[in-house]
Amino acid sequence: MGAARIAPGLALLLCCPVLSSAYALVDADDVMTKEEQIFLLHRAQAQCEKRLKEVLQRPADIMESDKGWASASTSGKPKKEKPSGKLHPESEEDKEVPTGSRPRGRPCLPEWDHILCWPLGAPGEVVAMPCPDYIYDFNHKGHAYRRCDRNGSWELVPGHNRTWANYSECVKFLTNETREREVFDRLGMIYTVGYSVSLASLTVAVLILAYFRRLHCTRNYIHMHLFLSFMLRAVSIFVKDAVLYSGTALDEAERLTEEELRAIAQAPPPPAAAAGYVGCRVAVTFFLYFLATNYYWILVEGLYLHSLIFMAFFSEKKYLWGFTVFGWGLPAIFVAVWVSVRATLANTGCWDLSSGNKKWIIQVPILASIVLNFILFINIVRVLATKLRETNAGRCDTRQQYRKLLKSTLVLMPLFGVHYIVFMATPYTEVSGTLWQVQMHYEMLFNSFQGFFVAIIYCFCNGEVQAEIKKSWSRWTLALDFKRKARSGSSSYSYGPMVSHTSVTNVGPRTGLGLPLSPRLLPAATTNGHPPLPGHTKSGSPALQATPPAVAAPKEDGFLNGSCSGLDEEACAPERPPVLLQEEWETVM
């Protein structure tokens, strides 16, 4: 009863951080292409020029102050301040004249400098504006600075015919230090190696489950769909990175300067639906679809295990079709809706960045699957604890009981994606320094290697899979040994650990070529001179008595192991749920 009472409260407590910051989990792969950066700069320029016209048409407002312009600025409210002398050294004249006694002449006119929309500037003051958020790689917590001289003109750079401005706080992210570069290189290596290892191991796991017919059952079909979703997610990430990250501003961060940003802004605006966007839009769409299908197949695994535990009558074939439509079809619906809305209402850029509230078309279904799957995980762990307590009711070794529960929980965590909630309460935008590095290394490691862990637990460490591989290996080595002995003409051959010294020539009848005659080619046994009916064997006949045990064993063995193939699947379907449930317990325990 204790575990049953604690589990719902624990689920509610842990679901709160899941809902609060799962947005960062889903939206963590945004990247700005150079074309999108140009588009955003031109859009900011158009908005600035429109508001400049509105302000310049009111001369009275210009002579009063910049209050009207401050409210119309697109980049936030400007602030007039005197920064430190290192960045903005004051002239001797400014130092001698107190601020309150300075003449209030004509202010500096607002203008667009191809990076930022500057408001009216009070004469003799330093104007500070927040770094624009439409430049993706800027430090959005910093400020850019300009000085308005006492004559109502923006201060010029000495020796150059251009306006002085200080963007050093904004571009500090564009001049990466060696240590920061090493961190990103290390994260990229973890990211690439993790998804590569997952992709390779999942491919082997799918081939194993598809090759052995005795492993063809509903449980393993669901595992194969889950493995395939992890594989497609990894492939889509590699394709998206190859398409988007080539030619981004981030790749040229160390060479990017303020002048180059102005040059980008002065370039002609790209068309809204350029042909160059087709490839990256397709890559982003498939990435979002396979990301959603991966989350939904993780949910299908939880629903299947939950159904085996709590449903008395469970029709596997009927639910398999439903699970397939749910795992692959439902994500296709809301991704298609998102594509239609984005193409109609926000057909700009490469579609990789969020566009207002339209992002929730994809994020809400994914968040719902994460929350539901976590609730299923808590409920299944509760049942595990109850089962272990009932099994060890007469024993006093509670330490072993808790050890088994911990092991079972750790096995279920990679499948249900429980590791996502560790840093759920600290989104990317709220961490920095050491904590940010710890979070990024943790998420890159577990997210990329999750497919590998799932393949290890549900394929390579599965007892049924290991038994089939051992049987296949024994048959293959036996066939090679038999062929080698037959070619050498030896009088002995081995069958596993048993050695027979029977002559090879006495093994069975031979054909005219000297090869052993297959039992299928031997004449059929006759009854009163007539061959028996197909499928009929007379009771007590030598044929019935001589039937090897291995001929009848597969059906019974398959029934006990829950791995039906062919006609056997129908025969053992009514009794399979308890058997399958026992197998799932064995896998988890």
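In case you wondered, yes, glycine gets a Cβ from its N, Cα and C as well.
Cys117 (disulfide bond) carries a strand DSSP state (E or B). Feature annotation from Swiss-Prot assigns disulfide bond to Cys48-Cys117 (among others).
The disulfide bond annotation in Swiss-Prot covers Cys108-Cys148 (among others). The Cβ neighbour count for Cys148 (disulfide bond), using a 10 Å radius over every protein chain in view, is 25.
Among the features that Swiss-Prot reports, disulfide bond is placed at Cys131-Cys170 (among others). DSSP gives Cys170 (disulfide bond) a coil state; it is part of no helix or strand. Sequence-distant contacts (6 or more apart, same chain, Cβ under 8 Å) of Cys170 (disulfide bond) comprise Cys131, Pro132, Ile135, Phe138, Asn139, Gly142, His143, Ala144.
The region 'Disordered' feature in Swiss-Prot is assigned to 64-105 (among others).
The region 'Disordered' annotation in Swiss-Prot covers 524-549 (among others).
Over the topological domain 'Extracellular' (29-188) the predicted model carries a mean pLDDT of 69. The topological domain 'Extracellular' feature in Swiss-Prot is assigned to 29-188 (among others).
The topological domain 'Cytoplasmic' feature in Swiss-Prot is assigned to 210-223 (among others).
Residues annotated as topological domain 'Extracellular' in Swiss-Prot: 245-294 (among others).
Shown for the topological domain 'Extracellular' (340-360): DSSP residue counts in helix, strand and coil, namely 11 helix, 0 strand, 10 coil. The topological domain 'Extracellular' annotation in Swiss-Prot covers 340-360 (among others) and is backed by sequence analysis.
Residues or ranges marked as topological domain 'Cytoplasmic' in Swiss-Prot (evidence: sequence analysis): 382-404 (among others).
Here Swiss-Prot flags 426-439 (among others) as topological domain 'Extracellular'.
Among the features that Swiss-Prot reports, topological domain 'Cytoplasmic' is placed at 461-589 (among others).
Long-range contacts of the transmembrane segment (189-209) within the same chain, counting only residues at least 6 positions beyond its ends with a Cβ under 8 Å from a Cβ of the stretch, are 215-216, 220, 223-224, 227-228, 230-231, 234-235, 237-238, 441, 444-445, 447-452, 454-456, 458-460, 465, 469. The feature transmembrane segment is assigned by Swiss-Prot to 189-209 (among others), with sequence analysis given as support.
Feature annotation from Swiss-Prot assigns transmembrane segment to 224-244 (among others); the stated evidence is sequence analysis.
Look at Swiss-Prot and you will find 295-315 (among others) tagged as transmembrane segment. Remote same-chain residues near the transmembrane segment (295-315) are listed as 219, 222-223, 225-226, 229, 323, 326-327, 330-331, 366, 369-370, 372-373, 376-377, 379-380, 383, 415-417, 577, 580-581, 584 (criterion: CB distance under 8 Å, separation of at least six residues from the stretch ends).
Positions annotated as transmembrane segment by Swiss-Prot, on the basis of sequence analysis: 319-339 (among others).
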For Cys148 (disulfide bond), the three-state class that DSSP assigns: strand
Pairwise Cα distance for Cys108 (disulfide bond)/Cys48 (disulfide bond) [Å, integer]: 16
Spatial separation of Cys148 (disulfide bond) from Cys117 (disulfide bond) - C-alpha basis, Å: 15
DSSP three-state assignment for Cys131 (disulfide bond): coil
